[in-house]
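One structure is given below, represented as C-alpha cells, and several questions about it will come after.
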Amino acid sequence: MSQLTSTCASLLGLFSWHPLLMALAFSFLMTEALLIFSPETSLLRSFSRKVRVWVHWALQLLALLCALLGLGIITYNKHLNGKGHFVTWHGLTGLLAVLYTSGQCAGGVLLLYPKLMKNWTLAKLKLYHATSGLVGYLLGCASLMLGMCSLWFTTTVTGASWYLAMLCPLITSLVIMNQVSNAYLYRKRSQH
C-alpha cells in the first residue's frame, strides 16, 4: 500500500510540471519575447534593435525548451499511467502548438541569415515570421485555455480564480494580435 501511495505521489508531482512548464512557455516567456518589439510596453525599448532581437531569440528558445519539457513530461506521465496520448482537444492543440513553435524557431534563423533566402526581401521575411508567429502564439494560448477546461484544472481552480486564469491568455492574445497588426499588417496595407 505504501508503495502505491508513493507511486501516486510521484506521478502527481511529475504531472504538476506539465502545466507549470507550458504556462511558463506560452504565457510568460513567449509573451515577453513578443512584447520586446512593442514601442509602448517593452522594458528594452531604449536598447538597440540588435539587442532586442537577441533577447527575443533567448526568450523564444527558453519558451521552446519549457514547452518541449512539458510535452515530454505529460507524454511520459500518460505512458506510466497507461492513458492515451493526444486524445483531447487540449492535447491535440498543445502538440500542434509545440510543433509549430519548433518550426517557427527554426524559421527565425532565416531572419538572422536572410541571404539564405535569395528571392525574399528582409521585409517580407519579417512580415511572414511575425504573422506566422502570431498563429503559433494563438495556438499555444488556445491550448492553455482548453487545459483550463480540463477536469484536473476545474477541480483544482474554482470560482473567480478560474475566470481570472482564463482571462490571462485571452487578454495577452488580444495584446499580441494588436501589436502584430499595428507593426506589420496595417502598416503594409497603408503603404500599398
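In case you wondered, yes, glycine gets a Cβ from its N, Cα and C as well.
Taken from TrEMBL, the feature domain 'Cytochrome b561' applies to 1-187. Per TrEMBL, the feature transmembrane segment maps to 20-37, 57-76, 88-113, 134-154, 160-180.
Describe the structural context of each listed feature in the structure shown, including burial, neighbouring residues and relevant distances.
With a threshold of 8 Å between CB atoms, the same-chain residues lying at least 6 positions outside the transmembrane segment (20-37) that come near it are 44, 52, 55-56, 59-60, 62-64, 66-67, 69-70, 73, 94, 97, 101, 133, 137, 140-141, 143-144, 147, 168-169, 172, 175-176, 179-180, 183.
A Cβ distance under 8 Å defines the sequence-distant neighbours of the transmembrane segment (57-76), meaning residues of its chain 6+ beyond its ends; these are 14-15, 17-22, 24-26, 29-30, 32-33, 36, 85, 91, 94-95, 97-98, 101-102, 105, 108, 112, 140.
If one looks beyond the transmembrane segment (88-113) by at least 6 residues along the same chain, the residues whose Cβ comes under 8 Å of a Cβ in the stretch are 22, 26, 30, 53, 57, 60-61, 63-64, 67-68, 70-71, 74, 122, 125-126, 129, 132-133, 135-136, 139-140, 142-143, 146-147, 149-150.
Counting residues 6+ beyond its ends, the transmembrane segment (134-154) has Cβ neighbours under 8 Å at 15, 19, 22-23, 25-27, 30-31, 34, 67, 88-90, 93-94, 96-97, 100-101, 104, 162, 165-166, 169-170, 172-173, 176-177, 180 in the same chain.
Long-range Cβ contacts of the transmembrane segment (160-180) within its own chain (Cβ-Cβ under 8 Å, at least 6 residues beyond either end) map to 26-27, 31, 34-35, 37-38, 41, 130-131, 133-134, 137-138, 141, 144-145, 148, 153-154.
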Summarise the model confidence on the domain 'Cytochrome b561' (1-187) as a single mean pLDDT, whole number.
89
